[in-house]
Amino acid sequence: MDDSDWRISAVSLGDLIQTHKGRIVIYTGAGISTSANIPDYRGTNGLWVRNKKPRLSDQNDIFQSNTLQPEKPTCETPNSSDQAFETPPKVLSTTSHSKNASVKLRLPEATLAKPTFTHMAIKALVAHGFVRHVISQNVDGLHMRSGLPREKLSELHGNLFLEQCVSCGCIVKRRFDVAENTSRGHHLTGRICPDCRLHKPAECYMVNLNLCSAVEKVINGKGHLKSPRKAFMLAQKSAALKLLRSRQKIDSDANQSDGGGPADNAPLLRDVVVHFYERQPEMGLAEIYRVAAAIQAVHGRKPLQDSIQFCLAQESPEAYADLGADAFSARNLALIHSPWFKRMLPAFRSNPIVPLNNGPESPTPECESSATLIIVLGSSLQVLRNYAFLWPQGLGKCFSESKTRRSLTKKSKQTNENPTDQNGGVCLPPDSSHTPPCSPSKTDRCSLAIVNLQPTCKDGLADIVIHATCDAVLQIVMSECLGLPVPDYDPLHDDPLYTEAILLNPDEEHTRTRPDIPFECFVSADRSS
C-alpha cells in the first residue's frame, strides 16, 4: 500500500468513527506503544522472537528467564503488535519456542515510557463520546497513565504498576514495575498490603517479622553475595509464599473441621499480570481485568445479564422460568457456550461486576445497546481472536488476508441451513423450543476496522484495513476528519501513578530493584518543547 492509499483509508476510518459515534469499542495491542520504545511481541526483535533466540547475558541483565514447565500457551503477554524495537537488551532464554521457554514477563522499558500520541488520541475519543470502551492486551499501563478513566478500560492481561492484596483485595498503585521478579504461578511480590497495615496492624506486624527473619538468615548465612539486594528480595518473596501456603493450609483444615467461612489469607501483595503461558482470567482478579465491562461494551448490558442469569440458573431451575425466549439470541449463546465464560462464572456468582438489577451502580445508557464498530489498533490478533466474548456475531471467524468476503458469504449460507454459534456449538439452549437465527443480518453486523503494520487473521472480515503506524493514522483521523485536539501527556494532572501511587515503607525498599517512573523528566521535556 503506497502513502496515498493508506491516507485515503484513514479518512474513511474517520467517516466510520463519525457514523458510529457512541457505539465504538477499541482493541489495542503493543503496536500503539512501540513509538514509546516499548518492544512489540511479534516484530523483528519482539519479545516472542527474543525467547526463540539463545543469547548470553550476565547476572545484571534486566531480562531473565525461567525454565518452569508451562501449560499450553493461551494468552500472549505482554503486548502483541507489529513494529520492531530497535535496541533489544540481551536475554537468556531457551533455544526454541517450547514448553521450556521463559515464563517470566520482563518489560523494563515500560518504566521509562510515556503515553504515545495514539494513547492520548484514544483518551480524547473517549472524552468526546466517540468511543465507549477500550480493551487492551498491553500490560505497560500507558492507557491508565494517559488519564483514560478506569471504568472505560479493560486490561485483559493486567498492569505492571498494580498490586492486589490476596486478603482484602485492595488495589495498590505503584510508581515502579512490581512484576520484576514474579512469574507464571508465582505472583507474590513479598510486600505487605498498606490498607491491611492500617486495619490489621498486629497481624501485619507478625507477618513483617516473619519476612524480615528470612532476609536476616540470608545476611548471616552468606557473607559475600554478588547481588545482595536481589538475594534479599528473593528471600523475602520466598518467605511470603511459604507464609501464604501455611496460612491457607491452616484455614483449610479449620474450615473442614468446623464448617467455617472462606480462608483468611495473609495480608500479602501480588502482581496482577498474566505471564507467558498463563490462563486468564483468574476469579480473584475479575475486577482488575474488567472483563465483564468489556463484554457489556461489545454485546450490550442485557445479553451479559441474561447469559449470567441463564448459567447460574442451572443450579436453580426456578430462575430459568423467568428468562424469555428472547434471551437466547445468537449473541447470548455465543457467550454461554464460550469456555472462557464458563470459567468466569464463579467470579460472576461471588461478585457480579455488572449489577443484575437496576440500582445506583447500573451502567450508563450508552452500553444498553451493542457496539456497531470495532477498531483494532496495533494488534496482530493472534491472541485477541481467542477471546470469544470480544467478537460480535459475524466477526468470530478468522480468515487469511487472501480470502475474500465471498468465503464469508458461502459460510453464512451454510450456517443458515444449520445455525451454530461462533464457538461451534449448536444454537439450541437446553429445553428451548425456540431458536432465533444465529447468522447476523446486514443491519446487525458489526463493522470492523484494523490498523496494523502486519496482516491479521481478520483482515478478510474487515471493512477497512490500514497497514500503517497507529500514530500516523490517528493524526489524520483526529485533525483532518474529526477536528479534535489531542492533548499532550501531562503527568502532573493526567497520570494516576503520579497522584495516587503509594510509596513503599522504608523496610520494604529492598523488595525491588526497578526505579520509579521519572515523572520529572517528562515534565521538563514537555516544558522545553
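Cβ atoms are placed via backbone N, Cα and C, with glycine included.
The shown structure was predicted, so the numbers you read here are calculated from the model rather than taken from an experiment.
Residues annotated as active site, proton acceptor in TrEMBL: His157. According to TrEMBL, the Zn(2+) binding site annotation covers Cys165, Cys168, Cys193, Cys311. What TrEMBL lists as compositional bias 'Polar residues' is 59-69. Sequence annotations record features per position, and here TrEMBL assigns domain 'Deacetylase sirtuin-type' to 1-485. Annotation comment: TrEMBL describes 59-99, 406-439 as region 'Disordered'.
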Completion exercise
Rounding to whole Å, the Cα atoms of Cys165 (Zn(2+) binding site) and His157 (active site, proton acceptor) are apart by 18
Practice task
Please compare the binding-site residues Cys165, Cys168, Cys193, Cys311 by how many other CB atoms fall within 10 Å of each one's CB, and tell me which has the fewest.
Solution key: Cys168
Exercise for the section: Within 10 Å of the Cβ of the residue listed as 'active site, proton acceptor', how many other Cβ atoms can you find? Include all protein chains, please. Expected result: 25
Fill in the blank from the handout: As a whole number of Å, the Cα atom of Cys311 (Zn(2+) binding site) is distant from the Cα atom of the residue listed as 'active site, proton acceptor' by 25
Exercise for the section: Measuring Cα to Cα, tell me the gap between Cys193 (Zn(2+) binding site) and the residue listed as 'active site, proton acceptor' in whole angstrom. Expected result: 22
Practice task
Find the average pLDDT over the domain 'Deacetylase sirtuin-type' (1-485) in the predicted model and report it.
Solution key: 72
Handout entry: Secondary structure at Cys311 (Zn(2+) binding site), reduced by DSSP to three states
Key = helix
